[in-house]
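J.: Got a structure for you, questions after.
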Amino acid sequence: MRIPFTKMHGLGNDFVVLDARAQALPPINGDIAAALADRHTGIGCDQLVLIEPSGNADLKMRIFNHDGGEVEACGNAARAVGLLVGGELTIETLGGTIMARPDAAGIAVDMGEPRFDWDAIPLAYAMDTRAMPVGWDMLESPVAVNVGNPHAIFFVEDLSAVPLGQIGPVIEKDPIFPQGINVNVAQILSRDAIRLRVWERGAGLTRACGTGACSTAVGAMRRGLVDRKVTVSLPGGDLVIAWDEDTPERKGRITMTGPATIAYTGSFDWGAYA
Ligand SMILES: N[C@H](CCC[C@H](N)C(=O)O)C(=O)O
């Protein structure tokens, strides 16, 4: 059985996108996702993205990390799906419903409200998530934020001095993070500019991380380090993140804006992976 796919990326964070809205696909599990994501024996990507019908949104977006783990959110993939499908979209994810729409800078995504309570990250026990009283080698006192998925953000003076490829996997799997964690290391450049590198849970170093940019921006705002709209510069390029103010009706929501790219389309033999 041949399965069509679209290879896409958001600032170099790359995806294999399968669309199961028109034609149901055989059931996908973590092992199949990891096999497709493998860059040597599969098609190769940071995340596998599955578009399915939804009962309460325009579509459902399922996300599998490179290691096969299914996760709650992926900001860059939300922009990719927004580009692929087009128009204004509500997207159901395991982390909540988000909204994508075309924008002069590419695609804008309303990522919803950030969560800060220790048990919403989640962490293994109660602590201050504005500055967790923990550290690993040169990295300490991270902010913890959940933007659909869990993130720890370390602010440093010199990003290039941090061996994130070595320290990232240690933090990712630390038992203080019962569901793992995406590890963000950020350098504040000004009141409206942040430089960021991310070790992603289940995918390692990526060229960009949309939810990482959202959580880092919000974490910096929580500490009063930046204004409520910032440009986050990742190795693959820039994202603009805004966090609007709480209103009497609702808590402030995050908007992430940036490009998305269709690289190519193809198909693969399902039997080779399942
Ligand atoms: N590694 C993330 C999922 C992908 C997030 C990232 N690619 C993005 O653009 O937000 C996690 O395990 O929560």
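Using N, Cα and C of the backbone, Cβ positions are placed for all residues, glycine too.
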J.: According to TrEMBL, ASN13, GLN47, GLY75, ASN76, ASN149, ASN182, GLU200, ARG201, GLY210, THR211 bind substrate; identify which of ASN56, ASN65 is listed for that same site.
T.: ASN65
J.: List which of the recorded positions ASN13, ASN65, CYS74, ASN76, ARG201 have their Cα within 10 Å of the Cα of CYS209 (active site, proton acceptor), in sequence order.
T.: ASN13, CYS74, ASN76
J.: Tell me, if you would, which residue among ASN13, ASN65, ASN182, THR211 (binding-site residues) has the fewest other CB atoms within 10 Å in the structure shown?
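T.: Counting other Cβ atoms within 10 Å of each of the binding-site residues ASN13, ASN65, ASN182, THR211, the minimum falls on ASN65.
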J.: In Å, how large is the greatest distance between any two Cα atoms among ASN13, GLN47, ASN65, GLY75, ASN76, ASN149, ASN182, GLU200, ARG201, GLY210, THR211, the listed binders of substrate?
T.: 16
J.: List, in sequence order, the residues of the same chain other than ASN13, GLN47, ASN65, GLY75, ASN76, ASN149, ASN182, GLU200, ARG201, GLY210, THR211 whose Cβ lies within 8 Å of the centroid of the Cβ atoms of the recorded substrate site.
T.: ASP46, ILE63, VAL71, ALA73, CYS74, ALA77, VAL198, ALA203, THR206, CYS209, GLY212
J.: Under 8 Å Cβ-Cβ from CYS74 (active site, proton donor), six or more apart in the same chain: what's there?
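T.: Spatial neighbours, sequence-distant, of CYS74 (active site, proton donor): GLN47, VAL49, MET61, ILE63, ASN149, GLY210, THR211.
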